[in-house]
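K.L.:
Dumping what TrEMBL says about this protein:
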DOMAIN    105-528  domain 'Major facilitator superfamily (MFS) profile'
TRANSMEM  102-122  transmembrane segment
TRANSMEM  142-162  transmembrane segment
TRANSMEM  198-219  transmembrane segment
TRANSMEM  231-253  transmembrane segment
TRANSMEM  259-280  transmembrane segment
TRANSMEM  342-366  transmembrane segment
TRANSMEM  407-428  transmembrane segment
TRANSMEM  434-462  transmembrane segment
TRANSMEM  474-494  transmembrane segment
TRANSMEM  500-521  transmembrane segment
Amino acid sequence: MQSVVAVSKGGLAISTSSAATAIRNPRRIRRVSLMSERQGFCSGARKVVSELNLGLGPVEMANVQGIFRSRDRARYIPVHASSGDLEDVPSSKLEKKSSASVLPYVAVACLGAILFGYHLGVVNGALEYLAKDLGIAENTVLQGWIVSTSLAGATVGSFTGGALADKFGRTKTFILDSIPLAIGAFLSATSQDVRTMIIGRLLAGVGIGISSALVPLYISEISPTEIRGALGSINQLFICIGILVALVAGLPLAGNPAWWRSMFGIAVIPSILLALGMLFSPESPRWLFQQGKITETETAIKRLYGKEKVAEIMLELKAGSVSSTEPDANWLDLFSKRYWKVVSVGAALFLFQQLAGINAVVYYSTSVFRKAGIASDVAASALVGAANVFGTAIASSLMDKKGRKSLLVTSFTGMAASMLLLSLSASWKALAPYAGTLAVTGTVLYVLSFSLGAGPVPALLLPEIFASRIRAKAVSLSLGMHWVSNFVIGLYFLSVVNKFGISVVYLGFSSVCVLAVLYILGNVVETKGRSLEEIERCFCIC
């Protein structure tokens, strides 16, 4: 039987079967210098990391090529190996098999994303009816508390989710997360007073805050490199679907005002399904390996990708562990000189996402559509929601082809142009006859542009660029920035509009989008087609 050694432009890369043979016979591995000439990533640096101990003997590497996937074209030289090697399996078949086998577990995790979107959207249609039932129809302050309490809970949840995921693992944290999600939904559905409703919304908020950090983290860690972008963007797609489901769930309200209780109660079902699904889902191999649970890591890899992939993925994890042998970071480590630059990128992306005006556009979409002759609030919300889902679906198909950075630049550029159009339609008298049409066009184009990059990419990119020892906490910190900025913008947005006018506010959002493009071009790296361990090694040696 023959093994295959790939000789690439930068040097030698050992194939799957060779790696398996090496694990059984370390003496067959000699010192190999792996040089990478990948321009555009790590500034094309050529640095040598010496004496990486992979459990196979000393090997010298520079920018070790990701075993999940190599972007260099290679020549293949047959090398005779012992008869105990793994069977030769076409790589395309292995990729398809591993890609298909992770989909059920990604689907289970996306229940958290659906609940995220549903709990955010369900209160919008139900608020008028629950306010009458609870006797607060004339009290806008308490109505505001019911809406905003979930955002406050989400802020708390996003900060605690990372610590829980590091301590208990990803799947157990999902199970714990289902508790506040289910109890919060139940209390909201059965509440007879405002206090119970607010407690229910607070618990649901804590649950969606944990989910907002945990879902992209788990998906990124179990997804094969070649489709990690597509699967990661599914998180945003299912958030949009959750919002749409909440909209559809509100349709019977006109004929049955008490239906709002059922709208909240429905959320209990996916919460329970999330817990049950995670009982049978494999833990993240990367978390298990980081905890030193080698046997459990191999078992998880078999379930996720098949036994044929165990050798190469273990080799990749061992290579990555050289740069991450330290224990999990504490919160203060995130602000150290070593990590602050990459952590600040994550926080900045979510800050730009919120300051770019997505919530303002959604908030004003109803009045914009009414001026254009679309009187139905449901129709207006459905159009915005459909544009969001459509754009996110397109982004999912392009994520692993065009890359994360290019989609972010395209997205924020389109958002800047759309916001400028909205500003002009609201202020330029020459456009007054077409103001309604232009406003609807600008709104739909903005939402489409947002869903192409600014919406799905940050949650996908962050788990990719953060080192394993800070990944969970850094994702939580960045998501915390998302929820804090969301809360502050919601608190002061109307006051700013009343003082300066919506046209000036739209122009300000457009300027933020332009600044975001400049920031992304100068600070965000492309991660398409690279394993998490490869990205981490590159950051460590650059």
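Each Cβ is built from the backbone N, Cα and C atoms, and glycine gets one as well.
In TrEMBL, annotation is done automatically, which means it is predicted and not curated.
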K.L.:
For the transmembrane segment (342-366), give me same-chain residues lying six or more residues beyond its boundaries with a C-beta closer than 8 angstroms to one of its C-beta atoms, as numbers and ranges.
P.N.:
334-335, 377, 380-381, 383-384, 408, 412, 415, 419, 422, 443, 446-447, 450, 454-455, 457-458, 461-462, 465-467, 470, 474-475, 477-479, 481-482, 485-486, 489-490, 493, 502, 505-506, 509, 512-513, 515-516, 519-520, 523-524, 539
K.L.:
With pairs closer than 6 in sequence left out, are the transmembrane segment (259-280) and the transmembrane segment (474-494) joined by 3 or more CB pairs under 8 Å?
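P.N.:
Contact criterion not met.
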K.L.:
Can you tell me which of 142-162, 231-253, 407-428, 500-521 gets the most C-beta pairs within less than 8 Å of the transmembrane segment (198-219)?
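P.N.:
Between the candidates 142-162, 231-253, 407-428, 500-521, the best contact partner of the transmembrane segment (198-219) is 142-162.
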K.L.:
Averaging the per-residue pLDDT over the domain 'Major facilitator superfamily (MFS) profile' (105-528), what integer do you get?
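P.N.:
For the domain 'Major facilitator superfamily (MFS) profile' (105-528), the model's average pLDDT rounds to 86.
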